[in-house]
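*Asks:* Quick one: the structure is below, and I'll ask about it shortly.
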């Protein structure tokens with residue numbers, strides 16, 4: 001006799017339960033495996049238990065991935081289930097349709113493989129298998145794959161510049177450069193075989209037909225009738241149609257870039273979008289800076305005289321050469337007529353009658369008032385003085 005029971009598990013997972021089924025598979029959510037010694041076994045779960053509700057939420061017509069997230073996010077579980085019945089109460093046999101197994105399915109017993117996750121922006125990373133595997137299904141018309149929602153950023157941003165010198169007499173403006181250009185995240189996509197089992201299974205025909213009609217290959221625009229296909233974002237492809245748009249290499253298990261709705265492998269993306277470094281002539285994929293229309297890797301952006309790294313430092317461009325503050329100061333060799341010290345390139349100064357002065361050194365020779373901030377300066381006996389005299 002079928003019976004409804006409620007089992008509880010305290011604390012977070014893993015719970016040691018493998019659940020199969022879901023609305024997308026046309027199956028009721030059922031316990032497929034209970035790991036010995038797990039929380040699920042201690043709570044009394046058995047193989048074949050049909051899930052009716054999880055934490056008071058009805059899951060009889062819920063998708064497999066949604067239930068998976070409920071297990072992952074739950075701090076504790078209270079599961080209402082039915083034991084000893086072929087289908088849960090409230091769903092009559094008129095709502096269930098038995099269909100034969102499609103002859104296009106691969107042999108039963110093939111293991112289901114979870115989706116893989118890769119942390120951007122690494123080009124290739126070792127995949128991590130999901131702790132909660134997709135269940136087997138008797139009739140399989142689609143493969144369980146997760147949609148990757150990865151954002152992309154612009155390939156080139158010019159460095160932020162800030163004026164750090166107050167100058168008079170037409171001297172150059174200096175910039176502080178930071179290598180803050182961003183690049184699109186590198187995405188990965190993997191596919192898995194359709195899970196299998198033998199015999200007949202209940203199928204929600206209306207929902208299954210709706211899911212079937214939504215599977216249109218983004219490449220060839222034909223319907224996908226195979227049990228194996230690839231999904232990225234909100235689009236799907238035949239397993240042999242997910243190719244680089246430039247070189248046509250298979251990207252089903254390789255790193256790729258997506259820009260303007262175009263999927264490309266990493267080498268083709270570099271050739272099509274990435275600028276070249278003016279120093280080493282290699283492609284700039286990671287952080288780089290752009291100065292006067294030229295691009296530089298962060299490691300290549302150096303003072304042309306002393307080879308000091310200039311990323312995040314002040315610099316000046318002179319005759320298409322880049323110098324740090326110290327080197328450009330030595331090259332310009334501008335000295336203060338008041339204190340006779342070298343005026344650094346990032347210091348403000350005032351030029352009066354071809355004589356340069358630190359802004360802090362220029363004073364009225366009569367009253368010693370500072371003249372560096374004044375708009376007009378008078379000369380008396382060929383010496384600067386304020387307009388008050």
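A Cβ is built for glycine as well, from the same backbone N, Cα and C atoms used for every other residue.
So TrEMBL says this about it:
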type	residues	note
DOMAIN	4-85	domain 'PDZ'
DOMAIN	215-275	domain 'LIM zinc-binding'
DOMAIN	334-389	domain 'LIM zinc-binding'
*Asks:* What are the DSSP helix, strand and coil residue counts for the domain 'LIM zinc-binding' (215-275)?
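*Replies:* Counting residues per DSSP class in the domain 'LIM zinc-binding' (215-275), I get 8 helix, 22 strand, 31 coil.
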*Asks:* What does the DSSP secondary structure composition of the domain 'LIM zinc-binding' (334-389) look like, as residue counts for helix, strand and coil?
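*Replies:* With helix first, then strand, then coil, the domain 'LIM zinc-binding' (334-389) has 0 helix, 18 strand, 38 coil.
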*Asks:* Counting each residue once, how many in the domain 'PDZ' (4-85) are helix, strand and coil under DSSP?
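*Replies:* Here the numbers are 18 helix, 34 strand, 30 coil.
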